[in-house]
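Features of the protein shown, as given by Swiss-Prot:
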BINDING   HIS79, GLY120, HIS121, ALA122, GLY153, SER154, ASN181, PHE293, GLU377  thiamine diphosphate binding site
BINDING   ASP152, ASN181  Mg(2+) binding site
Amino acid sequence: MKNEPTYSLLNAINYPKDLRQLSVDQLPEVCEELRQDIIKELSCNPGHFAASLGVVELTVALHYVYNTPYDRIVWDVGHQAYGHKILTGRREAFSTNRKLGGIRPFPSPEESEYDTFTCGHASNSISAALGMAVAAERKGEKDRHVVAVIGDGSMSGGLAFEGLNNASSTANNLLIILNDNDMAIDRSVGGMKQYLFNLTTSNRYNQLRFKTSRLLFKMGLLNEERRKALIRLGNSLKSLAAQQQNIFEGMNIRYFGPIDGHDVKNIARILHDIKDMQGPKILHLHTIKGKGFGPAEKQATIWHAPGKFDPVTGKRIVANTDGMPPLFQDVFGHTLVELAEKNKRIMGVTPAMPSGCSMNMLMDRMPDRAFDVGIAEGHAVTFSGGMAKDGLLPFCNIYSSFMQRAYDNIIHDVAIQKLNVVFCLDRAGLVGEDGPTHHGVFDMAYLRPIPNLTISSPMDEHELRRLMYTAQLPDKGPFAIRYPRGRGSLVDWECPLEEIPVGKGRKLKDGNDLAVITIGPIGKLAARAIERAEADTGISVAHYDLRFLKPLDEELLHEVGKKFRHIVTIEDGIIKGGMGCAILEFMADNGYYPEIRRIGVPDQFIEHGSVQQLYHLCGMDEEGIYKVITKNKLRMDAPVESCMATHS
């Protein structure tokens, strides 16, 4: 291939054992080549970009010093692990990253023994690594080291503090590396972010560290007895200052740093020096997200996952969206601002996703009425509940897959009290290339059993706006609105804000042979499949948009149950426990026995690929729906006695 870069060192590194054959003086060149390889690959094969550039030196140093995969490295979130993948046998396959059948977007033990723990969500690395350290000790593997790499805002998550609290009371050989780049996807927020900044810039603490280091350096001139005495004095001085200014030392976790996270030789030296120190330790690195690529260093949020770009000029290759429908996320943002201008009780809450979910629109217009609470989904829900309890009306926007982490908070802190909290579940359904950790396919199944909770899903942008308007009306109680990532279907998306009666669906099309019941935007695919099937086979299909999973539109379902012997339910969620199950339960409870085919996500974790590819694999695309409808045409004349509810 023309202009293909040549790497004098990286080309010879297939696994970390090859890296460890180099001298420490060669590591900076390895880092430069690895960084350029990441830039080259991601310029044409989009993925998480800036985070991986920021940890190139750390990644190289870790695999150079530690005996991976025997030694364990646990990456928090994992979107910074592209360099790790390239160095661990996947460089040739890296062009398939995030593609159907290719390597996975996040570390996965099923893919490589170097990927020690599944990741994708934040703040779990310390707990997982501590568990591995305990396992190593119990098995007598005294020479096995365990490292947790946490950063990108993950220290704001409660689970990280739970892991620290547990680690502080153990003597296990655990190293926690704090990758401090002041960023999640957006800029980090909260007290921990400010604390780390103060810790990095504290003159008093840094001066004390310098003086203690200088004393210890000179101890080679002293006899053994006096050397030990000065070591004890230095440790005492460090302990005294640390207890006053360092939360980690105060928790009995030895603290080292902060150090330059882009000096690979120094990182390797320090890792080597502290590797065999027993007990929990923290090494604090200060890094720059997007390091080595100017545009990413300047605008890390945009370059978190920028899409395609020119690797030389840094110009992003953005598709022309003129005349296209808007993103559901932007419709949410604009509508929230519109509602908040009229309803002074409305507040906005998001856990570290203001730009991703478009909560930043409200933050920009009314900064005192919107909160980024950091990576803290449980807190976001309970915080919203507290505001609702005293008269405010929070719109709590959390990605569907991340809302799983706040399940008890929804039940205990909102639903039991019937509090007026609007949960906007962004990224509902199959999200595509980010894979099983990010698909929002479980929400309908796990929310449906919760009493007092209204669950809705709009088919299009107009429905989203009207559901948001409905949810903020008085005394609606907990109200969930789920909608997908990406573009809607209406170019003219603005519409009057009107109430939708809670629990009322709608008949989109009449028919006599078969009833199709859908919920959410997948109804658009169903409508096209129905039109094709009717034209090809003559079948007469009625189409109902359920709108609300809870409460169900019982009047609509009685109409369907009385009229139709064949029903197809279609949803963009897990088939176990979802909308199809709700229809089955209703029909059985009310003495209707139609034949029901359910279309949805099967009972398995769906891998990564484009949304269109994944819909096809699950039989949820237009062609899959068409096949189910036309197959039902063959059974239209079956006797009533043979019709039974079927699971599919």
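Along the chain as shown, the residues are counted starting at 1.
Using N, Cα and C of the backbone, Cβ positions are placed for all residues, glycine too.
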Please give me the CB contact count at 10 A for GLY153 (thiamine diphosphate binding site), counting all chains in the structure. 29
Using a 10 angstroms cut-off on Cβ to Cβ distances, just flag whichever of ASP152, GLU377 is the loneliest among these binding-site residues. GLU377
What binding-site residues in the list HIS121, ASN181, GLU377 lie within 10 angstroms of ASP152 (Mg(2+) binding site), counting C-alpha atoms? ASN181
